[in-house]
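Chemist: Look at TrEMBL and you will find A:94-283 tagged as domain 'ABC transmembrane type-1'. The transmembrane segment feature in TrEMBL is assigned to A:32-54, A:96-121, A:133-153, A:207-240, A:260-283.
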Amino acid sequence: MSASHVSVETLSLPPPGLWHRPGFKRFRRHKLAVFGACGIVLLTLACVLGPMLLPYTDTFIDIRQRFAPPFSGPHILGTDPLGRDILARLLMAGRISLAVGFCAMIIAMAIGVCIGLIAGFYEGIVGTALMRFVDAMLCFPSIFLLLAISALIQPSVPSIVMLIAMTSWMEVARVVEAQIRSLKSRDFVQAAVSFGASHRRIMFRELLPNAVAPIVVAATLNVAHAILAESYISFLGYGIQPPTPSWGNMLESAQSYLTSAPWLAILPGAAITLAVTSFNFVGDGLRDALDPRMDLG
Amino acid sequence: MSSFLLRRFGQAVLLLFIVSMIGFAILHLAPGGPMSQFAAGGEMSQEDLDRIAQQLGLNRPLPVQYGEWLWRMLSGDWGRSYRDGQTVTAIIGSHIGATLQLMATSTVLAMTFGAWIGILGAIRRYSLFDSLATVGAMIALSIPTFWFGLVLIYVFSVWLGWLPSGNRYTIGDGSLMNQIHHMIGPVMVLALVSTAVWSRYMRSSMLEVVNQDYVRTARAKGLSERSILIRHALRNALLPMITITGLHVPTLLSGALVTETVFTWPGMGRLFLDSISYRDYPVVMGILMFSAVLVLLGSLTADLLYGVADPRIARSG
């Protein structure tokens with residue numbers, strides 16, 4: 001066993017550097033994905049570092065400069081009804097919105113992967129029951145479910161993260177379940193079974209690592225979904241509560257000034273669109289890069 | 001065919017059962033549960049609360065409560081609104097029309113435009129039009145619906161003054177033209193995502209079909225490209241779209257809720273939001289369950305229609 005292993009190692013070529021691996025090449029060729037990756041990096045950097053470089057904080061009230069339009073004075077992107085700097089608020093809101101999206105994704109992935117792994121591995125009654133539960137959860141239109149539960153809980157950043165995660169893990173579970181079910185009959189899993197490997201070992205050491213590609217794709221698309229979900233419920237008034245800024249609740253307060261100060265509504269929406277589009281582009285590019293069957297040129 | 005029908009129907013009933021359990025769990029297991037509306041006021045003593053729980057039967061074992069709740073739901077008694085005492089079914093009934101009107105109109109529009117974009121993209125694959133359509137669809141799927149609605153209102157109502165900014169019709173003017181005029185904005189918003197979804201699926205469905213043997217045969221017979229596309233490719237490419245339409249119901253309902261809020265459209269979505277702000281739990285639960293039933297019916301109908309349109313499915317599946 002170990003001898004054959006060594007001979008295979010010596011025969012194979014040295015692994016290509018990350019930059020030149022086929023998957024990575026396919027990703028680079030996907031212009032939109034590269035655009036999306038740049039968008040994510042820039043947005044994240046801006047939200048993390050930006051507020052420190054600005055002359056105004058997001059809570060500084062400059063009452064003489066209320067409703068200043070963009071590019072008209074000391075405030076680059078203008079001010080809101082209280083004279084607070086919009087750029088500073090956008091960046092601080094971005095921290096919250098991106099963090100909520102990212103944390104919700106982590107939790108949703110943890111739930112979805114576990115459920116999918118168990119359902120796919122133990123098919124039978126357990127698997128069927130879990131997957132029917134997934135189907136039933138998917139019967140509820142996501143916003144209806146989000147709002148119905150958010151009405152029952154105290155809104156705070158952690159509870160909104162949990163709420164979004166609890167209502168967005170189902171697609172992941174479906175993807176993982178399908179992948180695990182198809183992997184289960186493969187030779188390497190049969191080999192592990194015949195060696196007497198424990199169920200846990202087969203699930204986490206044999207099956208899961210081979211299902212990483214679709215999980216990574218689902219995770220990227222899930223961030224986009226979570227950012228969008230946060231903006232929806234915050235816009236409708238049940239998400240992140242002011243004074244904590246988020247892109248969604250900035251839009252909620254902007255709604256009443258649509259006629260007199262349209263930039264208040266346009267800028268946060270553009271930020272959401274940029275963030276969500278970027279994650280969707282990257283997810284799409286990753287799907288093409290990691291799934292060789294889709295490589296149609 | 002009939003065994004396929006029966007099995008599919010049985011699955012839907014089972015799913016409805018699980019859906020009802022989830023709905024009941026949301027109502028009861030959330031912090032506070034059904035009692036939170038009374039406890040929130042802070043004016044009631046613990047004894048008062050206990051007595052209310054006793055009167056409403058909330059102190060009995062959960063399975064008993066669930067059984068009774070399910071029985072009442074099935075027999076059409078969905079409770080009464082806390083707000084005005086009307087039955088939940090009557091309230092939903094008086095709002096669903098406006099929502100279905102939006103959903104149906106935008107679906108028809110999205111099918112027409114989406115299919116057209118998808119087919120053109122598949123025929124001229126990798127052309128400028130195809131690339132633009134791909135990028136456009138991705139952006140359309142990423143734009144927050146409510147923001148698109150606000151931008152439309154700003155451009156067409158505030159700036160250009162062409163469209164009304166909300167409501168179903170001008171009070172005192174119930175003419176058809178007036179209603180259509182009011183529908184343009186919300187339908188455009190709701191149709192945006194559906195058009196993007198339709199164009200993507202139509203494109204890939206068409207691409208799959210044009211490489212099939214029977215299309216090559218048709219081409220070898222010397223049929224005109226137009227006749228190949230319409231008679232042979234399109235008819236088969238449209239089949240999977242039945243399923244897509246059925247599976248699209250949840251997205252459409254979610255979109256309708258947001259659209260109705262932005263355009264103050266008096267439909268079920270806005271009713272849902274209003275009921276949440278009034279803590280009107282019977283109506284909230286009623287709409288939640290009703291929307292889940294609509295979704296189930298959507299996918300069931302799509303499956304059955306697919307079985308009719310493509311008899312192979314019914315026989316083999």
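Note: Cβ is positioned from N, Cα and C throughout, glycine not excepted.
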Chemist: Could you give the residue numbers and ranges of same-chain residues that sit at least 6 residues beyond the transmembrane segment (A:260-283) on either side and whose C-beta is under 8 angstroms from one of its C-beta atoms?
Modeler: 32-33, 35-40, 43, 67, 69-70, 77-78, 80-81, 86, 90, 93-94, 97-98, 101, 217, 220-221, 223-224, 227-228, 231, 247-248, 250-251, 253-254
Chemist: Out of A:32-54, A:96-121, A:133-153, which stretch touches the transmembrane segment (A:207-240) the most, going by CB pairs under 8 Å?
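Modeler: It is A:96-121 that shares the most Cβ pairs under 8 Å with the transmembrane segment (A:207-240).
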Chemist: Please give the sequence-distant neighbours of the transmembrane segment (A:32-54): residues at least 6 beyond its ends with Cβ less than 8 Å from one of its Cβ atoms.
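Modeler: Cβ under 8 Å, 6 or more out: 85, 87-88, 91-92, 94-95, 98, 271, 274-275, 277-282, 284-286, 288-289.
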